[in-house]
Amino acid sequence: MPSLFCLPFMAPVFCLLLAFFMIASGNAQGPPSPGYSPSSRISSVTFNQGFRNLWGPQHQRVYQGSLTICLDKTSGSGFKSLEPYQSGYFGAAMKLQPGYTAGVITSLYLSNNEDHPGNHDEIDIEFLGTTPDKPYTLQTNVYIRGSRDGNLIGREMKFHLWFDPTQDYHNYAILWTPSEIIFLVDDVPIRRYTRKSDATFPTRPMWVYGSVWDASSWATENGRYKADYSYQPFVGRYTNFKISGCTANSPVSCHPPSASPSGSGSLSRQQVSAMNWVQRNYLVYDYCHDRKRDHTQTPEC
């Protein structure tokens, strides 16, 4: 939420509502230009060129290369890439459902859970459903070798956005290289997760997934608000899919796309400035600053 308005004497809830009002009214200030658009170097693919249905086929519709998936009380739906990747750029334009969506997750992510159940890696872009008086939360997350086995160590950073993601399509992407992971919104970097050791960085091949599903136990204010199926169906819309990278079978000489115009892989000074602006104004949670967390499990902090 814009820090300009969140003065020390203001209650956090008031600041949250004010930020939401600004976004809804179209008056929210956008970030400074990053000066470079990684997506402009990558050709779009249709859904069928890059993906297939994984579950809930009755709740999935493909039209002119775009995808609509939905959740109702009977089932959600998910999709999966045709190939696994060991690095690359993975993105899509997404449009979210307005209104009451508490408990519902709409996502685009990388995972090898099917190959390594209980010991998998994952890189997430997840929209946490909300109530009509509050903005969506975009959760980014990184898992390394662990899930649902008693050793789930999330590395969450959560953001509000400087626009209303229900009003139009916006581009969301993950750029995963051997040295870092960059999360982007409309080509603006919002988070960079660097490789500080093999133990804290995903290195095994992963597939690209997307889904809409019921996560009422935790998604909205730690489970306070649940999915309410009187508002069904909950719809996620995807288009402008972009995949470019090194598949699991690519030669060692394969290199993923660069995040910056220099081609070096690291962000430019202008991109870092845009990312810092987003984090100053719209970051709402950072696991490294959570005093309740055991940071011996997250040494990268």
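For all residues, glycine too, the Cβ spot is worked out from N, Cα and C.
Residues annotated as signal peptide in TrEMBL: 1-28.
Annotation source TrEMBL lists domain 'GH16' at 26-238.
As annotated by TrEMBL, active site, nucleophile applies to Glu122. Its own atom aside, the Cβ of Glu122 (active site, nucleophile) has 20 Cβ atoms within 10 angstroms in the protein chains shown.
The Cβ neighbour count for Glu126 (active site, proton donor), using a 10 Å radius over every protein chain in view, is 20. According to TrEMBL, the active site, proton donor annotation covers Glu126.
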